[in-house]
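The structure under discussion appears below in the form of structure tokens.
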Amino acid sequence: MEVVVKDWGVSLGYSRGALVIKKRGGVDRIPLFQVDRIWILTGGVSISSRLVRALSHHFIDVVFFDAKGNPVARLFPPEANGTVTHRRAQYEAYLTGRGFELAKLVTYGKLINQARALRRLGQWKREHYGALAEAASKIADLAGRIPSCADVQCVLGHEGAAASLYWDAVSKTTGLPGRNPEAADPLNLALNYGYGVLKYAVWRQAVIHGLDPYAGYIHADKSGRPSLVLDLMEEFRPHVDLLVIRLRPSADWADGGVLKREIRAMLVEEWTGERLEPVIARQVGLAVAHLHGQRAYTPHQL
């Protein structure tokens, strides 16, 4: 069970093998063996140290998000880290070029999934299928050029061209605005939030597999930037795009440039309903195998 806490004034505790949730209007008790994870989406929530110890013992995550969807903290047991040999392989791959090859394959997968997302959108918007299919074909062509790239700038150039085609097609066929991470419209706020949830999911698997979240291959090194996480999450972004587009963001989703708490909770619940986390775990495992030189990475397909 995914426990989503979206309201102020909630208190989380532990008693007799159960998660105890105290809130206005009553108390809920959930046996801890039924809890998969706790999502805290707002401030004003307290959590007891006794519960933290119990959650750690049962390997249950607690993840905190700010109002924009940024994962700001995560509680997890210290034993949840993989072997150090994976980090060594990760660092060596930066020098041997194996890491760059991984980044190219992930970016290739992202573009192919963008093309697939447009075709799927065309099934929902039959009157626009031709225009969406045409944009999808152009993006697939750009994806086909990535394996021959010799440097990061080449990859980023094709990725940027594909993004322009992709969001232009989405905007023209849905009536939704284009992609602008700094915009305060409901679509972009929801995408930012969804990408934040995705970022957490990939980050979690990177840590579990013993990788360094900050040592990536495409996203530039910067203090505090989880470059590897940003690299690996790229091919999953079209999943978030389709999820948000399907929900049809509207003006009543936001208040003061921030998504309402109930909308944030809905996005988390929709994300968990997609059941993508086992897929993400598999893909991170494939990335580890690639970094060790055991087998070439196989991108995920939408």
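Any Cβ shown, glycine's included, is placed from N, Cα and C.
Summarising the annotation, Swiss-Prot assigns Mn(2+) binding site to Glu159, His219, Glu234.
In sequence order, Val106, Thr107, Gly109, Lys110 make up the list of same-chain residues 6 or more apart from Glu234 (Mn(2+) binding site) whose Cβ falls under 8 Å from its Cβ. The Mn(2+) site, placed at the center of the C-beta atoms of Glu159, His219, Glu234, has further neighbours from the same chain whose C-beta lies within 8 angstroms: Ala103, Val106, Thr107, Lys110, Val155, Leu156, Ile218, Leu230, Asp231. Note on Glu159 (Mn(2+) binding site): other Cβ atoms within 10 Å of its Cβ, all shown chains, come to 20. Within 10 Å of the Cβ of His219 (Mn(2+) binding site) there are 18 other Cβ atoms, across all protein chains. A coil conformation is recorded for His219 (Mn(2+) binding site) in the three-state DSSP classification, outside any helix or strand.
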